[in-house]
Structures are given as C-alpha cells and as structure tokens.
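S.K.: As annotated by Swiss-Prot, topological domain 'Extracellular' applies to 1-53, 108-128, 187-223, 287-297. Marked as N-linked glycosylation site by Swiss-Prot: Asn36, Asn290. Summarising the annotation, Swiss-Prot assigns transmembrane segment to 54-77, 86-107, 129-148, 168-186, 224-247, 264-286, 298-317. Taken from Swiss-Prot, the feature topological domain 'Cytoplasmic' applies to 78-85, 149-167, 248-263, 318-344. Sequence annotations record features per position, and here Swiss-Prot assigns disulfide bond to Cys125-Cys217 based on sequence analysis.
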Amino acid sequence: MELLTNNLKFITDPFVCRLRHLSPTPSEEHMKNKNNVTEFILLGLTQNPEGQKVLFVTFLLIYMVTIMGNLLIIVTIMASQSLGSPMYFFLASLSFIDTVYSTAFAPKMIVDLLSEKKTISFQGCMAQLFMDHLFAGAEVILLVVMAYDRYMAICKPLHELITMNRRVCVLMLLAAWIGGFLHSLVQFLFIYQLPFCGPNVIDNFLCDLYPLLKLACTNTYVTGLSMIANGGAICAVTFFTILLSYGVILHSLKTQSLEGKRKAFYTCASHVTVVILFFVPCIFLYARPNSTFPIDKSMTVVLTFITPMLNPLIYTLKNAEMKSAMRKLWSKKVSLAGKWLYHS
C-alpha cells in the first residue's frame with residue numbers, strides 16, 4: 001500500500017506542480033491586473049485640429065508670460081534692498097512656486113497639442129499627480145502665511161519686526177513645503193495602491209485624482225471620501241479662514257490714517273484676488289463627491305495656467321514699491337549694458 005502511494009505521488013507531483021504554475025494565486029492575479037495599464041491616453045482640451053493649433057499658440061504665450069513675470073519678481077526682490085520685508089520674501093517664494101507649478105504641466109500639454117499620440121506612462125502620470133498636489137499644497141499653506149504676515153503688519157506693526165524675523169520667515173516657508181509634501185504623499189498613496197486594469201483614457205490634459213479614480217477597477221467610494229477630507233475640506237476651511245482674517249484686518253483699518261488705509265487696502269485687495277483665483281477652482285475640483293464634470297478642464301486650466309500668470313500682474317499693478325524697484329533695477333541694467341557696448 002505504501003509502495004502504491006509513493007508511486008501515485010511520483011506520478012501526480014509533476015502534474016500538480018504544473019497546475020500550480022499555470023494557475024496564479026489571487027494575489028498574483030491581482031498584481032497582474034494591477035499592472036495591465038502601463039500608460040494613459042490624454043484627450044486634452046479639444047479634439048479639433050484647428051482648435052489645437054490655436055490653443056498651442058495661446059498656452060505657449062501664457063507659459064512664456066508666466067515664466068518671465070514670476071522670474072522678474074524673484075530677481076527684483078532678491079536684487080533690491082528696499083524689498084527686504086517679510087511680505088516680499090513670501091511674494092518671491094510664491095512666484096517660485098508658480099514658476100515650478102506651471103512648468104510641471106505646461107511643456108507636455110503644449111507639446112501634446114501638436115502631437116497625434118497624447119499618452120503618458122503610468123510612472124509619469126503618478127509623478128504628475130504628486131507634483132500637482134505638492135506645489136498646490138505648498139501654495140495653500142503659503143497663502144495662509146502671507147495672510148498672517150499682513151495681519152501682523154497692519155494690526156500689530158510694532159510686533160512684526162520682532163515676530164516676523166528672517167529665521168521665522170524661513171521656518172514658515174519650510175513648513176509650507178513640508179505640509180505640501182505630506183498632503184501630496186497621502187493623495188499619491190491613495191491612488192498608487194489602486195488597481196488599473198483598463199480602460200486607460202483620461203478626459204483631461206493631465207493626470208488628476210477624480211479621472212484616475214474613475215478608471216480604477218475597484219470600489220473607490222472610501223478612497224474618494226478620504227481624498228475629499230485631505231484635499232477639498234482643507235481648501236474650503238483654509239479659504240474661509242483667510243477671508244475671515246482679512247475681514248479682521250479691514251475692520252482694524254478704522255484707526256489708520258488715510259494713506260495707511262489706502263496702502264493696506266491695495267495690499268489686501270491684491271492678496272484676496274490671488275486667494276479667490278486659486279481657492280475657487282481648488283474647492284470646486286476637490287471638495288465634492290467622486291465625480292467628473294465637463295467644466296473640470298476649465299477649472300484645471302485656471303488653477304495651473306491662469307493663476308500663475310496673473311499673480312505677478314496682480315501683485316505689481318498697484319504696488320508702488322515693486323514698480324519703483326523694477327524701474328531702478330532695470331534702468332541700472334540697461335545703463336550698464338549701454339556702457340559695456342560703448343567701451344567694446
């Protein structure tokens with residue numbers, strides 16, 4: 001009997017081994033399905049060839065204006081001793097974030113407008129998602145810091161020089177980047193662990209949360225709620241907190257001189273305009289249930305293209321100190337260039 005059992009085992013073992021090899025475990029099957037999608041197809045803003053050419057020129061100009069405007073602010077603030085206050089330190093930081101934020105998406109989107117095949121690899125899509133929420137998260141916190149700085153400068157000017165020293169400003173900026181990183185990491189991990197087994201078509205010009213949730217081949221209800229809590233709720237609470245702080249600032253202007261009121265009003269108006277431009281699309285896109293709408297593309301354009309382009313214009317339009325510093329700096333540069341050309 002023992003001999004028969006051993007013989008049967010000898011015969012069946014190779015067969016069982018082959019079956020095990022051919023039949024993947026549930027875990028192996030999950031990983032296979034998860035890795036089915038290696039790239040995503042981006043539909044972009046329009047499928048019309050003529051419309052794509054118009055958009056190519058438009059967004060190329062917007063991107064160039066964004067880069068030049070924000071770099072102009074950064075260079076002017078760094079080179080001008082008169083712009084050494086915390087407000088200008090944070091403004092230069094905001095311009096830097098806007099520059100890298102726009103650069104993370106604009107070049108690919110502009111190139112895709114003239115490309116027949118608009119695809120992005122899975123890894124590239126995840127990198128795009130991470131950068132989107134890293135820069136957006138850092139900007140949200142930085143706008144809060146800028147509101148606090150305006151509160152200190154207008155409501156408690158004697159304490160500002162002590163409280164908002166350079167070390168504190170650097171720590172606040174570092175906190176903004178760390179906060180943006182942690183927020184982005186959470187959103188990234190929520191998406192990265194989802195299985196994507198097809199389809200792979202994203203109706204947008206970049207990879208974002210809800211279009212990706214829509215493509216996941218699993219129930220994403222809980223994941224969607226978690227993302228709302230981590231993204232949309234934070235945006236909404238922060239937005240109304242900033243508006244409330246500016247309400248307090250405007251109320252305190254009753255005791256200011258006429259010139260002080262005018263200067264404070266223009267400073268606050270510029271910042272509130274930037275806050276509204278940034279937070280309204282942010283709240284619309286992320287503080288809602290897991291769903292997508294046709295207007296999402298327009299809101300994403302405002303968030304990633306229009307706001308970074310308008311920020312330099314908004315902050316310099318009514319800012320006499322910035323305009324004066326720019327004139328002095330660039331007249332000096334032109335004068336030096338003229339002397340160099342004359343002697344050469």
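Heads up, the Cβ atoms here are built off N, Cα and C, so glycines get one too.
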S.K.: Could you count the residues of the topological domain 'Cytoplasmic' (78-85) that DSSP puts in helix, in strand and in coil?
M.R.: 5 helix, 0 strand, 3 coil
S.K.: Take the C-alpha atoms of Cys217 (disulfide bond) and Asn290 (N-linked glycosylation site) and report the distance between them in angstrom, rounded.
M.R.: 14
S.K.: By Cβ distance under 8 Å, which residues at least 6 away from the ends of the topological domain 'Cytoplasmic' (78-85) in the same chain are close to it?
M.R.: 92, 153, 321-322, 324-325, 328-329
S.K.: Quick test of the contact rule: Cβ under 8 Å, at least six residues beyond the ends. What residues does that give for the transmembrane segment (298-317)?
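M.R.: Distant Cβ neighbours of the transmembrane segment (298-317) are 45, 59, 62-63, 65-66, 69-70, 72-73, 91, 94-95, 98-99, 101-102, 105-106, 132, 136, 204-206, 208, 270, 273-274, 277-278, 281-282, 284-285, 323, 326.
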S.K.: Sort out the residues at least 6 away from either end of the topological domain 'Cytoplasmic' (149-167), same chain, that have Cβ-Cβ distances under 8 Å to it, and list them.
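M.R.: For the topological domain 'Cytoplasmic' (149-167), the nonlocal Cβ contacts are 85-87, 89-90, 245-246, 248-249, 252-253, 256, 264, 267-268, 271.
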S.K.: Any idea what the Cα distance is from Cys125 (disulfide bond) over to Asn36 (N-linked glycosylation site), rounded to a whole Å?
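M.R.: Rounded to the nearest whole number, the Cα-Cα distance is 15 Å.
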S.K.: For Asn36 (N-linked glycosylation site), what is the secondary structure by DSSP, using just helix, strand and coil?
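M.R.: Looking at the DSSP assignment, Asn36 (N-linked glycosylation site) belongs to neither helix nor strand, so coil.
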S.K.: List the helix, strand and coil residue totals of the topological domain 'Cytoplasmic' (248-263) as derived from DSSP.
M.R.: 14 helix, 0 strand, 2 coil
S.K.: So among the glycosylation sites Asn36, Asn290, who's got the most Cβ atoms within 10 Å?
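M.R.: Sorting the candidates by Cβ neighbours within 10 Å, the top entry is Asn290.
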S.K.: Restricting to the topological domain 'Cytoplasmic' (78-85), what is the model's mean pLDDT?
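M.R.: Summing pLDDT over the topological domain 'Cytoplasmic' (78-85) and dividing by its length gives 87.
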